[in-house]
Amino acid sequence: TMEDKGTLRGHTRDNPECTCTHDDYRYNIGYKAGYKANPECPVKGHSHYVSCVAWNHDGSLLASGSNDGTVRLWTPDGQEKGALKGHSKKVNSVAFSPDSNTLASTSD
């Protein structure tokens, strides 16, 4: 079984470290409605909503895909290990191979 290792909090109005603008999205229309990135924000990572996540098989690496078109790799303690920037649209899914040596992702 997987034990709770904590919460990775990114660009959200609930994260006191985030200095980005978070409008009430119910009153906005559009792809980036309700969120405006602050380039000086101390929170690093995706610049838009996370759409999918997957752990590798030993739980040592988390992959996250985002509407910003990137896939990012994280350790369980929240340290970013790298970013994959090959997609031109939002990432729909991420999955590790059984040996964790390959990561696959899909996009619109």
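The backbone N, Cα and C atoms fix where each Cβ goes, and this holds for glycine too.
Automatic prediction, not curation, is the source of TrEMBL annotations.
Keep in mind the model is a prediction, meaning the values are calculated, not measured.
As written in TrEMBL, here are the features:
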COMPBIAS  94-108  compositional bias 'Polar residues'
REGION    79-108  region 'Disordered'
REPEAT    43-74  repeat 'WD'
REPEAT    84-108  repeat 'WD'
Point to revise | Cβ contacts under 8 Å made by the region 'Disordered' (79-108) with residues that lie 6+ beyond its boundaries | key: 44-45, 48, 51-58, 61, 63-73
Point to revise | Model confidence over the repeat 'WD' (84-108) (mean pLDDT, whole number) | key: 93
Practice item. Pull the DSSP breakdown for the repeat 'WD' (43-74) and write it out as helix, strand, coil residue counts. Key: 0 helix, 15 strand, 17 coil
Practice item. Helix, strand, coil: count each for the residues of the compositional bias 'Polar residues' (94-108), based on DSSP. Key: 0 helix, 8 strand, 7 coil
